[in-house]
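A.B. asks: Following this message is one structure expressed as structure tokens.
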Amino acid sequence: MGLIVQKYGGTSVGTIERILRVADRIISYKEEGHDMVVVVSAMGKSTDVLVDMAKQISAYPSERELDMLLTTGEQVSIALLAMALHSKGYDAISLTGWQAGVTTEAIHGRARIKQIDPKRIQAELARGRVVIVAGFQGLSDEGEITTLGRGGSDTSAVTLAASLNADKCEIFTDVSGVYTADPRVVPKASKLDTISYDEMLELANLGAGVLHPRSVEAAKKYKVRLVVRSSFTAEEGTYVEEVANMETGRVVSGVAHDEDVAKVTVVGMPAKVGTLSRLFNTLADNQVNVDIIIQSSYEAAVTNISFTVAGDDLKKALDTLENNKAELGFDKVDFEQNLTKVSIVGSGMVNNPGVAAEMFRVLAEQEISIKMVSTSDIKVSCVIPAGQTELAVRSLHTAYGLDVEQTAVVHGL
Ligand code: ADP
Ligand code: ASP
Ligand code: MG
């Protein structure tokens with residue numbers, strides 16, 4: 001018996017039938033005597049549908065109004081899930097993010113949670129109710145409705161679990177846990193029983209969309225017991241924890257990929273002290289998030305600087321550079337779209353020379369050109385043409401001995 005926070009993603013609540021099935025699962029926990037707080041995402045792909053409607057009106061819709069629009073998605077599913085529980089004879093109440101006491105920064109579209117006041121949730125739990133909370137949303141100190149960024153319901157769940165001191169936070173999704181690669185791309189990927197917070201954080205940051213990166217950050221910080229599992233089966237999931245007894249001896253634990261990468265090259269920047277600082281401060285001031293950076297000098301006086309951004313940020317990056325061309329003093333800007341960042345992750349690669357070399361060898365063997373590279377203690381990333389993503393991810397997965405024979409099951413709508 002204890003307090004459990006669960007989160008059900010879009011596919012898991014994608015139809016009325018699935019919502020009723022989720023209600024049954026919650027009831028089975030309730031019957032075991034647990035207090036239940038349940039975070040839900042918008043049904044199916046409804047957030048995408050809402051974004052698309054906004055984009056039909058404007059390429060740059062007001063961020064405030066976009067948050068107002070997107071938060072309606074979660075309100076649909078929390079209300080329906082509460083009704084589903086009522087229909088089965090259980091007491092439940094749905095709460096929006098702000099009713100649940102979630103306060104965020106005053107930023108739209110990617111607000112961080114500042115604090116959660118769990119009083120209302122605790123009062124509802126004390127009445128014996130299942131509390132259903134809208135994921136992905138909160139309220140700023142100015143009283144504005146905000147969203148946490150796409151996929152942010154995971155972060156709502158983990159931070160709620162932390163503030164309620166829950167015994168466990170279970171993330172229910174359309175696959176049975178965290179795999180050695182995206183099972184949609186690598187059918188031979190294997191499910192991990194456990195993974196460390198650090199490895200999971202790298203995988204999530206490098207594109208493994210199964211968990212919102214900030215949810216892993218929060219789980220690590222507040223020591224939340226986090227489990228990823230399937231809402232379609234009773235299978236055990238993957239535990240994300242401090243020290244995972246992962247497949248010992250393996251250098252690489254997983255392969256991640258991010259298909260939304262663009263490369264920008266600023267040609268002919270003056271090669272002097274402060275150039276990089278000016279360039280990247282200008283980009284940061286304009287909210288352009290930069291990832292991999294490479295500087296190459298071709299003459300003593302000038303230098304070229306290449307960097308990657310998310311595909312969605314490309315236009316903003318190019319506009320920012322153009323608007324600041326005179327101050328920055330470069331000759332021209334080139335860019336390339338349709339790139340993928342493919343990464344290998346594993347704490348076993350610390351102090352293990354030759355891991356990057358092996359990755360380059362595998363990609364070269366498949367005639368995949370590498371456009372940029374970045375490394376850290378526990379990962380190596382290569383930027384490659386998007387058309388070769390599947391080949392690259394599968395080849396690396398095989399080369400690092402991660403393939404299993406049994407094919408992973410992914411539930412879709
Ligand atoms: P939800 O709507 O439940 O939040 P998401 O689509 O956000 O679901 O996350 C689940 C998806 O994450 C899976 O369907 C899978 O395609 C993708 N994914 C990417 N990398 C991995 C991985 N390493 N392990 C498991 N799933 C992954
Ligand atoms: N509904 C939001 C999205 O699609 C939040 C989430 O699902 O986590 O991004
Ligand atoms: Mg998700």
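The backbone N, Cα and C atoms fix where each Cβ goes, glycine too.
Annotation comment: TrEMBL describes LYS7, TYR8, GLY9, GLY10, THR173, ASP174, TYR179, ARG184 as ATP binding site. Positions annotated as substrate binding site by TrEMBL: THR47, GLU74. Residues annotated as domain 'ACT' in TrEMBL: 264-338, 344-413.
Help me picture where these features are in the structure shown.
C.D. replies: A 10 Å cutoff on Cβ-Cβ distances gives TYR8 (ATP binding site) a total of 29 other Cβ atoms nearby, all chains included.
Around THR47 (substrate binding site), the same-chain residues six or more apart in sequence whose CB sits under 8 Å from its CB are GLY10, SER41, LEU70, GLY73, ARG150, listed in sequence order. Under the three-state DSSP scheme, THR47 (substrate binding site) falls in the helix class.
The residues of the domain 'ACT' (344-413), classed with DSSP into helix (H, G, I), strand (E, B) and coil, number 28 helix, 14 strand, 28 coil.
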A.B. asks: Counting across all protein chains present, how many other Cβ atoms fall within 10 Å of the Cβ of GLY9 (ATP binding site)?
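C.D. replies: Around GLY9 (ATP binding site), other Cβ atoms within 10 Å: 22.
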A.B. asks: Rounded to the nearest Å, what's the C-alpha distance separating GLY9 (ATP binding site) and GLU74 (substrate binding site)? Just drop the number here, would you?
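C.D. replies: Approximately 10 Å lies between the Cα of GLY9 (ATP binding site) and that of GLU74 (substrate binding site).
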A.B. asks: Could you say whether, by DSSP, ARG184 (ATP binding site) belongs to a helix, a strand or a coil region?
C.D. replies: coil
A.B. asks: Which of the three DSSP-derived classes (helix, strand, coil) applies to TYR8 (ATP binding site)?
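C.D. replies: Note: TYR8 (ATP binding site) is in a strand by DSSP.
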A.B. asks: Could you check what DSSP calls TYR179 (ATP binding site) once collapsed to helix, strand or coil?
C.D. replies: strand
